[in-house]
Amino acid sequence: MLRMKTALYVAMALSLFSRAEATAAFDLLLQTAVSYTGSLPCGGWDCECAFRRQQSCCCVAQPLFDLEEATFIRMVGLWEGLSHLNSQIEELTAGCKIAFNAAMLPMSGCLGPFTSNVSISYQSVSLNQGNGYNPALGTFTAPHAGLYSFSFTAYSSVGSAGQRLYQKMQLMKNGQLIASSWEDNREDSEDSSSQTVLLQLRRGCQVYVELMSGRQLCGDTQGQNTFSGYLVYPFSEQ
């Protein structure tokens with residue numbers, strides 16, 4: 001500790017002693033730099049500033065200010081762009097929580113056969129967000145344009161082997177066939193199948209499942225015939 005204090009005292013004494021000489025040397029260096037007429041290697045800095053106020057960064061104040069201003073302007077532009085994008089997203093997705101899930105009411109008998117295709121009414125509705133599904137008609141009407149996913153399951157049981165499983169159901173969009181599921185055999189007493197599709201719909205487009213003429217669904221005592229759909233993402237109405 002004594003050695004450290006001694007060294008500190010010596011350093012302070014030397015500093016006081018050499019201060020006058022250092023000041024004179026610094027002034028000489030300053031005058032030489034100011035009188036220099038050649039090009040400076042540091043981008044044309046002000047030598048007076050560089051030698052007397054180095055810690056204040058005054059020599060690069062203007063470039064830093066320009067950089068700060070450009071960065072700020074760019075950030076403002078990015079913020080405005082993000083705000084505009086957010087407004088578009090909110091406008092596009094507002095009220096677009098659309099999904100439904102419905103099943104046929106349990107039955108011990110058969111639905112069909114009919115002499116013409118019949119739209120199936122899935123009256124047991126567990127979800128109808130957006131109110132796009134009409135259980136009375138079995139039809140989904142798109143409340144908003146977008147990409148939708150639809151699924152349906154066809155189930156039938158004739159009770160015992162040897163009887164004919166004879167069913168065909170098809171998913172329709174505005175009267176156009178999209179997908180179908182069918183079964184025609186006497187080897188199985190029951191059978192089920194499912195279909196899932198993605199459809200681009202405009203507002204007002206209708207999607208439904210129909211039972212083909214001459215076919216029938218039987219023995220669905222647990223409501224296993226289902227129809228469901230949801231909006232994957234919306235489209236602009238334009």
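Just so you know, glycine gets a Cβ as well, placed from its N, Cα and C.
Summarising the annotation, TrEMBL assigns signal peptide to 1-22. Per TrEMBL, the feature domain 'C1q' maps to 93-238.
Remark: secondary structure over the domain 'C1q' (93-238) totals 1 helix, 80 strand, 65 coil, with classes taken from DSSP.
Along the domain 'C1q' (93-238), the predicted structure has mean pLDDT 86.
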